[in-house]
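Here is the structure we will look at, set down as structure tokens.
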Amino acid sequence: MSLYDLEIIDLDVNIRDKKVVSAKCSGNKVRGFEKAFTGKDAKTLYEVLPRVLATCSQSHLYVYIKPHTQTSITELLMFLEIIDSHMKHPYAYWFPHIIKDEKYSFPSGEKFRKVNLVSRKIKEIMEKIGGKWPHVDYLRGKKIVKITKEELRDIISFMENELLGMSIEDFLNIKRLEELSADLKLLVEKSIESLNWNFGLRDYLVVGFPFKNTDLDYNYIKDEGLEVSYKGKKVEVGPLAQALTFDELVKSYFIKYGPSPLLREISRIKVAAKLISEINDLEISSERFSISDGNYVSFAESIRGSLIHQYEISNGKISNYRIIQPTTFIASPSGALESAVIGLPIKSAKDPVELALTVSSLDTCFVTRVRVFENDKLVTTKRIGGFC
């Protein structure tokens with residue numbers, strides 16, 4: 001098995017009579033890499049973490065430093081990282097499948113080019129806050145960080161004018177899909193049937209920041225490598241689980257329809273809107289990062305969901321490290337990804353758009369290689385995700 005194969009989630013699905021009747025997921029094959037941190041200087045591991053864990057680098061950084069220092073600067077960087085990913089997601093993974101219009105194509109369409117410009121603006125702000133990628137210079141010593149809401153105007157403008165068609169505040173308060181406008185309204189209209197693809201788990205996990213009304217008892221985590229469960233159950237993590245903690249529209253449609261790819265995609269935008277609404281003017285002075293010996297469990301909600309670090313420091317060195325990524329929950333055998341596709345109606349096994357939308361709605365940290373079988377015969381292979 002090559003490194004290339006390790007960095008892929010494999011999902012095999014079998015279709016009979018235009019419906020997925022079985023699915024088998026490989027689980028997260030990239031486990032145990034954090035053992036490479038053993039023996040590293042704990043005071044400077046923050047330099048290494050975001051480089052090794054680049055997909056959600058600021059979330060990993062936040063979880064590592066949280067037990068040891070104030071985190072206001074890292075929280076802001078984490079917000080921006082999540083907003084960046086969620087705003088790009090529908091333009092990369094949904095519109096190209098549901099709208100046959102060059103304007104919405106990926107990656108060359110007009111719409112994606114616009115959101116990509118906004119993404120660059122976000123990265124410029126992150127550089128201003130934390131220096132060049134991986135944005136950690138405020139941990140190296142004293143630095144005064146100043147950011148104003150006005151600096152987000154291009155990001156807010158795109159979200160309100162292109163994606164939402166209304167103010168962020170109004171969007172966070174709407175209660176019905178019929179109230180949506182602009183591109184998000186178009187997304188719902190063109191994929192409304194996916195609201196009824198209500199297959200999947202009904203158990204969710206949200207571990208904490210930046211969401212309230214959450215709780216994690218680490219003792220209930222059962223980690224078996226490829227499989228991980230909480231309180232004896234496989235759980236779904238990610239934007240739907242997160243939005244269920246705060247958003248009335250998501251809650252009401254979940255009660256009426258259950259989980260669906262469309263509700264997960266709407267949840268992504270709800271999360272992005274919530275986070276950008278919570279960014280305010282900030283002026284703060286950082287200090288050089290310091291750390292103490294001990295055994296730590298730390299966690300947060302990242303782009304794709306619940307992220308947990310457990311590590312031990314002895315004599316200033318990392319002596320043990322374990323990470324549970326959101327993908328480990330999502331891709332667990334018999335977990336969220338498998339459950340979400342079993343029962344899914346498929347119009348064409350050769351071009352299974354339904355699978356593309358469902359798999360991308362759960363969005364593992366890696367590419368998901370979907371092998372599509374019809375009556376036990378391989379029909380096609382699709383690579384889904386791995387961009388945002």
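Numbers here mean position along the shown chain, with the first residue as 1.
Cβ atoms here come from the backbone N, Cα and C positions, even for glycine.
Heads up, TrEMBL stuff is auto-annotated, nobody curated it.
Residues annotated as Mg(2+) binding site in TrEMBL: Glu34, Ile323. For Cys56, Cys365, the entry in TrEMBL reads Ni(2+) binding site. Annotation comment: TrEMBL describes Cys56 as Fe cation binding site.
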Do me a favour and check the Cα-Cα span between Ile323 (Mg(2+) binding site) and Cys56 (Ni(2+) binding site); whole Å is fine. 13
Here the Cα-Cα span from Glu34 (Mg(2+) binding site) to Cys56 (Ni(2+) binding site), rounded to a whole number of angstrom, reaches 15
Counting only residues 6+ away in sequence within the same chain, which have a CB under 8 Å from the CB of Cys56 (Ni(2+) binding site)? Glu81, Ser302, Ile303, Arg304, Leu307, Cys365
Which of the listed binding-site residues (Ile323, Cys365) has the least company, meaning the fewest other Cβ atoms within 10 Å of its Cβ? Ile323
Translate the DSSP assignment of Cys365 (Ni(2+) binding site) into the three-state scheme. coil
Reduced to three states, what secondary structure does DSSP give Cys56 (Ni(2+) binding site)? coil
